[in-house]
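S.K.: Following this message is one structure expressed as structure tokens.
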Amino acid sequence: MQRRTRWFTAGALAIAGALALTACGSGFSGNSSGGSTSNGLTKSSKPLTVLIGSSGDAETKAVDSAVADWSSSSGTKATVTVASNLAQQLSQGFSSGKPADVFYLSTDQLAGFASNGSLLAYGDKLANKSDFYPSLVQSFTYNGKFYCAPKDFSTLGLIINTDMWKAAGLTDADIPTTWAQLETVAKKLTTPKHVGLAIGGEYARIGAFMTQAGGNLMNATSTKATADTPENVAGLTEVKKLLNAGTLKYAKDVGAGWGGEAFGKGLAAMTIEGNWITGAMSTDFPSVKYQIAELPAGPAGKGTLQFTNCWGIAADSPNQTAALKLVEKLTSASDQLAFSKAFGPMPSIKSAAAEWKTANPMLVPFLNGADYAKGVPTAKGSADVVTDFNSKLESLATSDPKTILAAEQTNLEALVK
Amino acid sequence: MSTETGLEPRYTRTRHRTARGIAARSLLYAVLIAIAVVYIFPFLIDLATSFKSEADAAGDPLSLIPQTWTTAAYQRLFLSSDFPVWFKNSVIVTLLVTAGRVFLDSLAGYALARLQFRGRNTLFALLVGVMAVPGVVLLIPKFLVINQLGIYDSYAGMIVPLLTDAAGIFIMKNFFESIPASVEEQARIDGAGPFRVFWSVVLPMARPAVITIVILSFQGSWNELAHFIVSSQSPGLTTLTKGVAQLASGQLSQGTQYPLKLAAAAIMTIPVAIVFFVFQKRILNASDGAVKE
Amino acid sequence: MTTYSRQPRRGGLRRGEAASGWLFTAPMIILLGLFLVIPVLMALWVSFSDWGGRGSPFSGSVNFVGFKNYSTLLSGGGLAEQDFGTALKNNAWYVVLVVPLQTALALFLAVMVNRQILRGRGFFRTAFYFPSVTSSVAITVLWLFLFNSTGAVNKALSYLGVVGPNWFNDPAGIFHFGATSGPAFLEKSTALGVPLWDWIGGPSVAMFALILLAVFTTSGTFMLLFVAALQNLGGDIQEAAMMDGATGWQRFWRVTLPQLRPTLFTVLTLGLIGCWQVFDQIYTGTQGGPAKTTMTPAYLSYTSSFVNQSWGQGAAIAFILFVIIVFFTLFQRWVLRERAVSKRRMRQYTVATTAATSTPVAPAMAAGAAADTGEENER
């Protein structure tokens, strides 16, 4: 009996302790700290932290120097941090009330963070708001609010190793424009030493085939699940066909981390990647000669996927005014062109397009892709579904496309209900 | 049963002189050496590969001699990455956690073994109960509390929670119970307070147990990963385990970069290996001394 | 252990002991309270709430949702249930294979290195124990290299004429033996959103590589436990058995093994508890892939909370995992209870080893003893 009371006492003490903790609550700041200015943004003299997910040294250096430039001209200190796991670090930062002020934010994370109030919806305050491509603005609009400035964008293209291309007796006229032609060249380019085509075994690459067949996982506004359509089945079936023919392999299966590595190391003669591959090629594999082509068309014509990130600003940032200024600078034509030069993405503003095309004649196929590119799903929770889809795509060679897509249809429908 | 009787004579003789005995012993050595090779070889490969070029590492993963020796991986780690920072953080955290645990464990262990106070048994029962809580379950809860206390993303948040060490207290308590009480009585009669008795009489006698705690804490905090993931976010507070884990999962860099990763793995193994070899006798032959026959 | 408090108070010399007793244990009480008791209570609340990961979980905008997080995981029918089922399936197979393998190997090694006739015992013990002291991160990095598609393991296999799998990228269940689809009734019926066909498929090839890793790193620790136990066995029963004419094999099964039973149970319990908590290897090595076949509840709990903002679900997974672990620990203790004799022997032996003090063996011993004393205190 006595023992029992003691246990109760101990429990009560612990609960009291928990309550005391809540009362002090120093770690969680519900409201953003720092004084507010007339336009509703916080303002203080605190230095800014910028959190990025970098594709490599090229990107890190470019962002570093752009932020340093701004820092010296504005007088506000700012440091760039490369996230090792962006999603986790953002999430941990928001939960702890100590987020980075400015950060990369992907389309699939927007809904989750916007809905729990972690993000500052500053889009309408941007001085250069009207210069962004409308489709990109759409990608970063949640519940009717334009949240953050598109940082840049990329599309997928076909990257071809020109030496291997020539060695297989192929010429420029052979660059595939249809699935049938892709099958033919992939077969010709497959040798015991390398495979014809190596891609990452994930939706972000294979999805391009789905768009070429006229499908995609969700509709343009991510309000309706469209996974189990015959178009999507056709897209996956084509990839499965190439896999089973041995002319297409996933990068992992040739011992590479991603398509670009397989391509750079000469394990594959072609790959499907976005603009970012140019940065990696010049840093890691400068001796490999390559050219870029638009992806071949499928039964529904040309198709590719479009990827974009934005510069998010935290609702808890104590210095949103400066953060906004920094973002305006980072999305200016001159900065975006510099980024493009360093690691290949395309400027998110219309005013930089012409100059970009002249500066990057080799990359024009990527920008051409923008005309018909489709976005990835942005509904809240869609990232999970895509992860699940990716895990099933790993065994695409031996499974039924229809079954895979039916399962994802169910999962996606659960999100938009 | 018939086999039993059939084999009986062999065992009543001194068996290792027979031919079969020799064969059996050779087999024993052969098996053990084969297993030892399996256990050691991976570490040798680790070391060798860290001095290889990337192409060499991929081309001939089994060879222990690099075709061309290169320290490129180590140069990259130490000269152009955050590796030195990670190393420094691991050292700081490990030393402080080890020192803190030795002090707190022995203090509490002594009280539980020797001092009489109401509630001691309840405390001990609680301690035992707490030991049963699996660490992984605490991952999210710890983050919540560290956050609430305002020590998230600081050395304090990384170190203080790791000081909780119920098993260590248990070990110290057991040890103190094995020391004859008469030792303290004399000091008490001389008028020493409980802390004096503990600090200058009993603790010096507890050297073997303290060394055990040192070994366990050092190894435990040096190799800890999950806690550092949830208690910090700044790159300046990254420890070796967290840094190398992220390096390995490919988030910091592109490509496989095996020599680089294996060099990092090799370096992070060195300190625990040193502790291991220094205390090797104690670790491996611990029980030899305890055999009372 | 209870005897001390029953002693009559002696006054005089013992005055002030209560104060110092509490003072000495205060740091421990505060630390354990702050970082063990309160966290668990907070997480328990989170697992019953809809906290989204921002602001305080105790603020007014956070609602009590009852068992919603738990039911989503256990019978929600969605992706969450499927993922949880997959994680449980993966980890269950991991436990089923790792625990017996590591125990058998550890026992085998212990018996071998404990032979008096063996020279170089120190060398062998060092070799077998060394993997246990290195960090799981370092070993996982090494494993990724050894088991990559063109890595050392496959190269070694190729000398034997075997074409090795692409270990960490092969999601095929090892008990499916290459079959890509099963009978319809197994494909159609599901448990926790996972088809029975997948449940019976065993660990994936990738998970199997991690199973080998676990056996590699833990067999040394447990070997030391067995060695310690073997050295504490009296030689007389052995000799008597030898006189009776038992062969070495028979003596091992009939004499040695029954005497090792307490240690065996300790090893099995520790193995079970440890194996349900796989996290480091997944975080470092596979992140749950390929095809989620190395996803474990511990890692899923982490990603649900920290990556996907489903803090309630993440906490709920942690508590379900807690229940699973407690269940197995109790189960082990129930088995222990059957053998009253062994228990007593185990206690003596625990005291002997800890007194001689030692080693990483110590926490294991302590844990074993903890199960023991805990029981005592309950009575």
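Glycine too: its Cβ is placed from the backbone N, Cα and C atoms.
Whatever TrEMBL says is automated annotation, not expert-curated.
The transmembrane segment annotation in TrEMBL covers B:27-45, B:91-112, B:124-143, B:155-176, B:197-218, B:262-279. Sequence annotations record features per position, and here TrEMBL assigns domain 'ABC transmembrane type-1' to B:87-279.
Situate these features within the shown structure.
M.R.: Only residues 6 or more beyond the boundaries of the transmembrane segment (B:27-45), in the same chain, are considered here, and those with a CB under 8 A from a CB of the stretch are 61-62, 64, 269.
Remote same-chain partners of the transmembrane segment (B:155-176), defined as residues 6 or more beyond its termini with a Cβ less than 8 Å from a stretch Cβ, comprise 92-93, 96-97, 100-101, 104-106, 108-110, 112-114, 124, 127-128, 130-131, 142, 145-146, 149, 202, 206, 208-209, 212-213, 216-217, 220-221, 224, 227-228, 231-232, 237, 239.
A Cβ distance under 8 Å defines the sequence-distant neighbours of the transmembrane segment (B:262-279), meaning residues of its chain 6+ beyond its ends; these are 43, 46-47, 49-50, 57, 73-74, 77, 83, 87, 90-91, 94, 211, 215, 218-219, 222-223, 240-241, 243-244, 247.
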S.K.: Any residues 6+ beyond the ends of the transmembrane segment (B:124-143) with a Cβ under 8 Å from its own?
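M.R.: Here the qualifying positions are 112, 152, 161, 166-167, 169-170, 173, 226-227, 230-231.
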S.K.: Which bits of the chain, at least 6 residues beyond where the transmembrane segment (B:91-112) starts or stops, bring a Cβ under 8 A of a Cβ in it?
M.R.: 120, 123-124, 127, 155, 158-159, 162-163, 165, 168-176, 198, 202-203, 206, 209-210, 213-214, 217-218, 220-222, 228, 239, 271
